[in-house]
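**Student:** The structure's right below; bear with me while I get my questions together.
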Amino acid sequence: MTLTEESFQGAPPPPSEVAKADMDHTGEKEDALLQPVTRTGAVAPGKQAVGRLVMHSMAMFGREFCYAVEAAFVTPVLLSVGLPKNLYSLVWLISPVLGFVLQPVVGSASDHCTCSWGRRRPYILGLGIVMLLGMTLYLNGDEMISAFIGERDKRRTWAIVVTMLGVVLFDFAADFIDGPIKAYLFDVCSHEDKEKGLHYHALFTGLGGALGYLTGAMDWGQTALGYSLASEFQVIFFFAALVFLICLTIHLRSIPEVPLRYENEETKFLLEVTESYKYSSIEEENKNGCLKSTSTEIKAAPKPGKCAVTSRTEVQRRMTLKSLLNTLSSMPSHYRYLCVSHLLGWMAFLSNMLFFTDFMGQVVYKGSPYAPHNSTLYLTYKTGVEMGCWGLCINAISSSVYSYLQKILLPYIGLKGLYFIGYLLFGLGTGLIGLFPNVYSTLALCSFFGIMSSTLYTVPFHLIAEYHKEEESLKLQGGEQAGEHERGKGIDCAALTCMVQLAQIILGVGLGLLVSVAGSAVTVISASMVALVGCCFVAFCVRYV
């Protein structure tokens, strides 16, 4: 209904027309909220309610809960199926190698996904299903194989294969899913809500880890559920799968995504190929209804009045993994420095966490995992490992508390202060633990692990959001639309997440050799040294907006 001058001067419109106008107006508002994003003009995300952000963070709760279960049970599971020691490094290396190679591919693919459900949620759902499949295989693989194979040697071999496959699938998907979750948050939230969302992510990550460690520490064998199921591993699987399914469902229904729409298929094709070669956004202009690309990778001698377009077959031949890796190598310098600092942080954090329970058993409690199982040395080692699990629980709780304190500290010390303090406290804490191994001081200093964990999960992604906000502001000042020529956030989040896999690869190759030569004490000393180097890098090399 259109109001004219006569409408105001004459009688009021009939009620039916008023109702129709209200319905039309409401429909227009809903259409505006769900308006598809095009590559020539993005819809600015609106403000999200706190409840929506909490629902969005539930994915991190479920993921970390399952991670804690894996940390507590994967070694006993592998030992119980008889995995040879020379295959341990293979189990821990396959997943990060796959993640490091494929993470940028999926990040770039999600940037261009045109699914009506959104760009990120289809990938999050797929990776969640892979996580559940992996957890099913490594916690239930022995019982599954025993039900089908009776021959002992053959059953043992297949149990090892299935369990290893489950561990690899779970680690791969659990590491992989973090990138799409962060990109999903950045897509649907305003800048202020991105800050809140990252803090909620860190908060629920800590809570999920704490609850997962507590679940693993309980003796379920003496409960009614333990008697009804075949083993304690199946009880743990029941709780972990239930928690993860509930959290994943809540997450996927938290905030509607705006689907990506291209003006035409040729535009989509050219943008996908060009961005796979050129990290910075392509320069394009619409002239005579066609797209003109200034990228040197896609060019041909144009005919008068026509666009320059390379043949589709030739360009598809060039779309290889090598071109995507070239994309990462051509990142702006401040993105590369942020990735290096993230790599140093995760190397320090993982070198401490992967061997912490063993450090508690061998160095702090003076036990031995190689002694006979009925000896005092072995029982002392087991006590130390259990105390190490409580230390990891303290780490998870302190991560949640610090993620809340970050919001209070941010206006006073900024992102640089938060980043610097996280690395510094972790470096000092692990150094003191290595130099003065004591039960009570070690447990107290475990709270510094949580500060580092919260820092790694929030500050680098916060900086990515700041970089994108700055780029959008510069484009607006230059007269461009905010979404025009915008580089995808998925590839940036994927590049950061790749550093976690790269850290695992480096540690899997080098740290195991150091531990076999010098013992578990070298892990915390190495973590301290790398963290302090990262502290200097964060202070002098990382760019802050």
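Each Cβ is built from the backbone N, Cα and C atoms, and glycine gets one as well.
Please treat TrEMBL annotations as automatic predictions, because they have not gone through curation.
Grabbed the feature section from TrEMBL, which reads as follows:
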REGION    1-25  region 'Disordered'
TRANSMEM  65-83  transmembrane segment
TRANSMEM  89-110  transmembrane segment
TRANSMEM  122-139  transmembrane segment
TRANSMEM  159-177  transmembrane segment
TRANSMEM  198-215  transmembrane segment
TRANSMEM  235-252  transmembrane segment
TRANSMEM  343-365  transmembrane segment
TRANSMEM  385-405  transmembrane segment
TRANSMEM  417-436  transmembrane segment
TRANSMEM  442-465  transmembrane segment
TRANSMEM  493-515  transmembrane segment
TRANSMEM  521-542  transmembrane segment
**Student:** So, do the transmembrane segment (442-465) and the transmembrane segment (122-139) meet, by the test of 3 or more Cβ pairs under 8 Å (sequence gap 6 or more)?
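**Tutor:** As far as Cβ distances go (cut-off 8 Å, pairs 6 or more apart), the transmembrane segment (442-465) and the transmembrane segment (122-139) do not touch.
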**Student:** Are there three or more C-beta pairs under 8 angstroms joining the transmembrane segment (417-436) and the transmembrane segment (89-110), sequence spacing 6 or more?
**Tutor:** no
**Student:** Under a criterion of three or more Cβ pairs within a distance under 8 Å and sequence separation of at least 6, are the transmembrane segment (521-542) and the transmembrane segment (385-405) in contact?
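**Tutor:** Counting Cβ pairs under 8 Å (6 or more apart in sequence), the transmembrane segment (521-542) does not reach the transmembrane segment (385-405), since there are fewer than 3.
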**Student:** Should the transmembrane segment (65-83) and the transmembrane segment (159-177) be scored as in contact, given a threshold of at least 3 Cβ pairs under 8 Å and pairs 6 or more apart?
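**Tutor:** These two stretches do touch.
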**Student:** State, in range form, which of 159-177, 235-252, 343-365, 385-405, 417-436 has the highest count of Cβ pairs under 8 Å to the transmembrane segment (198-215).
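**Tutor:** Most Cβ pairs under 8 Å with the transmembrane segment (198-215) come from 385-405.
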**Student:** Ranking 122-139, 159-177, 235-252, 385-405, 417-436 by Cβ pairs under 8 Å to the transmembrane segment (493-515), which is first?
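**Tutor:** Answer is 159-177, with the largest number of Cβ pairs below 8 Å.
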